[in-house]
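Copied over from Swiss-Prot:
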BINDING   Asp487, Asp493  Mg(2+) binding site
DOMAIN    554-613  domain 'KH'
DOMAIN    623-691  domain 'S1 motif'
Amino acid sequence: MQRETISVPVGAQEIIFETGKIARQAGGAVVVRCGETVVFTTACAAPNADSTTDFLPLRVDYQEKFSSAGKTLGGFIKREGRPTEKEVLVSRLIDRPIRPMFEEGYYNEVQLLSFVWSYDGINSPEPLAICGASAALVISDIPLIKPVGAVRIGFIDAQFIVNPTIEQQKQSKLDLLIAGTEEAVLMIEGFCDFLTEDQVLEAIEIGHRSIKTICQTLEQWRAKVGKPKNRETLRQLPKELYADVESIANPLLEKALRICEKQKREEALAEVTKAVNDRLMPENEEPKYPAKHIAYVIKDVSSKMMRQMILNENVRSDGRTSTDIRFIDIEQSLLPRAHGSSLFTRGETQALAVCTLGGASMAQRFEDLEGEGNNRFYLQYSFPPYSVGEVGRVGAPGRREIGHGKLAERALMAVIPTKEQFPYTIRLESNITESNGSSSMATVCGGCLALMDAGVAIKRPVAGIAMGLILENERFIILSDILGIEDALGDMDFKVTGDQNGITAFQMDIKVEGITIEIMRVALKQAKEGRVHILNKMLAVCPTYKGEMSRYAPRIETIQIKPSKIAVVIGPGGKQIRAIIEQTGVQIDIDDTGLVNIAAIDLVSIEKAKAIIHGLTAEIEIGRIYSGKAISIAPFGVFVEILPGKEGLCHISEFDVNRINSLDEFVKQGDMLMVKVLDINERGQIKLSRKATLQSQ
């Protein structure tokens, strides 16, 4: 295959797609360039589907090579290994818009691999990775319905920018990543500084215009270099199977789907499955259909019935209408030793949020293509198996937990005070103790309440809500505060956080071929009504953050020293700062500007440490009188420490108003002396006089 390229203008840059030169044995392999950022993506599929599989086994892995930025990984191991948090998040960003675009019935295992090979520090690799994955699938034999494009949108000086540079992103009030087809939007993920619903919609519209151009270009490329699609393995379930399942299941589903309580409803649905299996897979007989096919059709039939129930009657499984919010219960300060805690319960979804405060050393360190850094606010989301009454693995967080935690973290980031306003490192934990939908939004609500309980001076409280969608041809209905079953069987999961004045985060995933701007407009309007209702419930329990922090939380005081004095405080090999910590029991953090944070449980320890640091960094003043300690005595004079680490010489002639021949009769090592600074020579040597202090009395 010869080398083929195609380009498309996007924003202020041009994106170039190339194939035919590298990885020619892969099903599809594409190099995507923008500026000097280069992302390489491959798409490969198994030749056949597993007969027991009733879903698309899609695996997406994104990796940032440190060599792409001319760097080597820190630490002993120099090879990229376990994916970083960012790599997991970008892998999810690629997966979410691509997954719904495979043709129905395609269950072959598919793997998408995306690597950042070159990074210029100007152009973001994330949208390029999504476009590259789409392009690799488009030119392969894997049956993708239509091309997918993606762009990032920023908002600077009241202007929307398509694919802003890295520097522009730092100034932007919006970070929106949007993906879709030529006709509709498939996925959005955005974080902003209280933008309005209209501003968010405008950003989505601007982004989709660029996506259309990308998709049109990729469709032209498919026609030119694409392989014929392999549809031989598409699984078409027989109509007779649907008819058999519906005849058995429909009468039972009518009742089961109207049971309000989750566990009882699931038990009833399990009975429906058993009834179908007993009829279609009788014991000691050859089953009429494979078990996996029957399970798939039962789920499909259940979805159709639930959807018709909502569309025709505006009644949901738990009895609510489309706009109703579940009952909310809030309890504050339930953990006596925690710095801040909140138990947020919404229906059968419950989150226990815990806030912990600490010094700068508690910050979360990271290393990426931009370099090393620290996060002074971070949120960790945990979804244990007991929250849904199951037995499962407990250990390192999975991709879903990382994604949900980052969404909630970014939603709350907009209200976290600056380091100057609140010098603490803030760690939030969200422990999901019950789950029936919207656990990430319960994390936002519970996390906000835990911050206020800990006394964090947040800018303003925020709440979150998850919206659903039932779409049938031209008919649609938006669901507020969705249940787990509505997420599983519905068409959309649209999460929105903020307050009555604006939005801080939003995330949308869909299972159909895209939705229109008009549907999103209705969803955002309904989401605002819902989150304001939830926020009012939160404010009724906790109107504002506590004026005082927990007595178990550390106290932090900040002092400023000259940058030139940092080395003095740290000492050779850190000897001096370790001595201060051991002597006072405090935690000390110093940044490059000379800002010193001193943290301890009690203020007495902080004051001791401050006094030592002030002494170390104080400037010796000529003419000033100091109280110092005699460090050593020589025949010609006594050396006196007037400040920590600062010694001067009081010559024997300057010791007393009367002439003396020996100092041994007048001073011993360790005695405290009042001395005056007479001079400091060019080598920094300090000349002291005790006689001058006696003469001034």
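From the backbone N, Cα and C atoms, a Cβ is placed for every residue, glycine too.
Sparsest Cβ environment among the binding-site residues Asp487, Asp493 (other Cβ atoms counted within 10 Å): Asp487. DSSP gives Asp487 (Mg(2+) binding site) a helix state. Annotation note: Asp493 (Mg(2+) binding site) sits in a strand segment as assigned by DSSP.
Note on the domain 'KH' (554-613): DSSP counts are 32 helix, 16 strand, 12 coil.
Helix first, then strand, then coil: DSSP counts for the domain 'S1 motif' (623-691) stand at 4 helix, 36 strand, 29 coil.
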